[in-house]
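In what follows, a structure is listed as structure tokens, so that the remarks can point back to it.
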Amino acid sequence: VVYFNGARLLVETPKDPVYSSNGANVTLPCRYRYEPDMESRHKIRIKWSKLREDYTKEQDVLVAIGKTYVAFGDFRGRAHLHQAGRREASLVVSDVRLQDDGKYRCEVIDGLEDESDVVDLRLKGIVFPYQPPRGQYSLNFHEAERVCQEQGAILATFNQLFQAWSEGLDWCNAGWVADGTVHYPIRQPRKPCGGMHLAPGIRSYGPRHRHLHRFDAFCFSSALRGEIFYLDRPAGMTLEEAKQSCQDAGAEIARVGHLYSAWKFLGLDRCDAGWLA
């Protein structure tokens, strides 16, 4: 992109992902400059958007002109610009949520000139397979979304599932992921899981009908804001007694996503079985 006066607008963001966790605050760096250096004749407009995996726009995050800005949707009240330095357009997101994981476009508009670059925000988390109490392969896509939320999580993306597979996840049951496709990760090929002749990897069923087809779910959870502790009663407890005991202790009974998160991020290691919600 070349100006009539020969100066070029450049937008720069980090090439490596920016990592954060649930409930934290994060800054997505973005700066712009001109080659050769010059001062703009216009008010600079900065626009941040969240992208889908194919880099098409998913939602507007924030638009700013000078010190005036507007945040949109779920980012209202959580997003603002960090303009500590000259020609900085960094985005600050507070109280990071699981849904914030993904790619963000930083777009700088100077008059008729428009340049952008992309920042990849990744939440430190864990993918876990979930099968509801009523049994295997009983969830359509929308039910899978709901049960993950009920477990303190969201449906994992394919990239999150791939990362979990590369870290050792091996699971023979197929499950939904966030884009409506169905997969299962195999580290050790075996006869019941696609056969011995297939190499390790993510086995895919591709897109499935979101209402009619039924599978399990792969959920994604991030680091806990609190802690998980074990209540020991020698005589044992029913589920309802366990819920009440947690309330009496000033807490609530843990969900599946909480347990996985405590195991991965807090080093929880206990041999005794206990109720979950």
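Just so it is clear, glycine is given a Cβ too, placed from its N, Cα and C backbone atoms.
Note that TrEMBL annotation is computational and uncurated.
Under the heading domain 'Ig-like', TrEMBL lists 7-119. Per TrEMBL, domain 'Link' is recorded for 126-221, 227-277. The disulfide bond feature in TrEMBL is assigned to Cys172-Cys193.
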Which of Cys172, Cys193, all disulfide-bonded residues, has a Cβ with the fewest other Cβ atoms inside 10 Å: Cys172
For the domain 'Link' (126-221), mean pLDDT (0 to 100): 94
DSSP helix/strand/coil residue counts for the domain 'Ig-like' (7-119): 6 helix, 61 strand, 46 coil
